[in-house]
C-alpha cells in the first residue's frame, strides 16, 4: 500500500515547490574573422590577371578610337561598316561561333604547352610577373608586401575618386543642374529609341560605329593636322617668301644704336656697397649648364675685350658723361671681365671639392682668381683693400675668396 501510494504520489508535486528551470548557458561570442590586408592585395592581383585579356582588348579599342595610327583606324572603321551592311543572319551566326571557338582553342593550347615550374624556379623568377597559382606559392618579404599594399591602396583611391566623379556627373544630369547637358542626354536617348524602331539593325550598328570613330575630338585633330600638311605642300613658296622677308630698315640708321644702348635708371642705388652686393649675389643666381656657360665664354673671348687703358682714356675724354654714368660704365666693364674669365671646371663642378652644382649647391666665383666654387669652399671674406683697392670704403667692404686666395692675401 505504502509503495503504491508513493508510486502514485511520485509525479504529483506541491504547488509551492516548482521545479527549477535549467539555466541556459550564455552563448559564447563568435570570433570575428581576422582581416588580412595582404590577402586582399593578393586577391586583387589575381583579379587583375584574370581580367588582363579584357584590359588588353579595351586598350586596343581605345588605341583605334584615338586615331593613334590614322590609316589603321580608317581601315577598321570602313571594314566594320562593310561587314555590318553586307553580312546576313547566317554569316552573323558563323562569326559568333568563330569568336567562341578561337579563344577556347587558344586557351587549350596554352594549357597543354605550358611548362610546370618547380618551387626553386618560381622563387628565382619572383621579380617577374607571377601567374595565378604562383601568387599563392611564392613568399614575399616584408618590404615587398608593404610596397604591394601601398600600390593597392593608391590604385583603390584613384578608382574610388573616378567612380565618385562619374556618379556626381550622372546626378547632375538627372537633377537638371545643367539644362543644356540634360536636354542633350535625354534627346539622345529618345533619338536612339526612334532609330532602333525605324531603322534595321545593320544600319543602327553602322551609324553607331561611324559615330564612335568619326565623332570624337581625336578625329578632328588628325584631320586638321593633315590639312595643315597639305597646305604646306601646296604652298611652299609663299612660306619661303614669308620667312625670307627682311625686317623694316631703321630710320636714319639709329635704331640699332638705340637698341644696343642700355636704358639708364637714375633711381637705382649706385653706391659702392650696393654694387658689391650685386656682384656677390650675381654668381649665386646663375644656374646654367656648364657646357652652355663654356660656349658663351668662348664666344665672348673670341669677340675680344677692349684695352683697359683705352677705356680709361675714353671715359676721361668724354665730357658728356655724368658721375653716375661713369660709375655705371666702370661696373659694367668689371662685370664683363668677371664673366669672360674662362672657368677651369667645364662640367659644372666645384674646383675645391668637385661637388656638382645644383639648386641646393650654388655656384660662387672667387673674387680674386675667378674660379667657380661652392658656397662652402668659397666662404672666406677678405677686405677689398687686400686686393689692391685704394678707396676709403675698401677698408670695410669684404668679398668672398677661396681658401688658397685667402692664404695668399692674408700674408
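Placed from the backbone N, Cα and C atoms, the Cβ positions cover glycine too.
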Would you please say which range out of 5-25, 26-46, 89-109 has the annotation transmembrane segment in Swiss-Prot?
89-109
Of 366, 369, 402, 405 (the binding-site residues), the residue whose Cβ has the fewest other Cβ atoms within 10 Å:
369
Quickly jot the same-chain residues contacting the transmembrane segment (89-109) by Cβ under 8 Å, restricted to those at least six beyond its ends, or write none.
none
Using a Cβ-Cβ cut-off of under 8 Å, list the residues of the same chain that are 6+ residues beyond the ends of the transmembrane segment (67-87) and lie near it.
95, 202-203, 205-206, 209-210, 213-214, 218-219, 221-222, 226
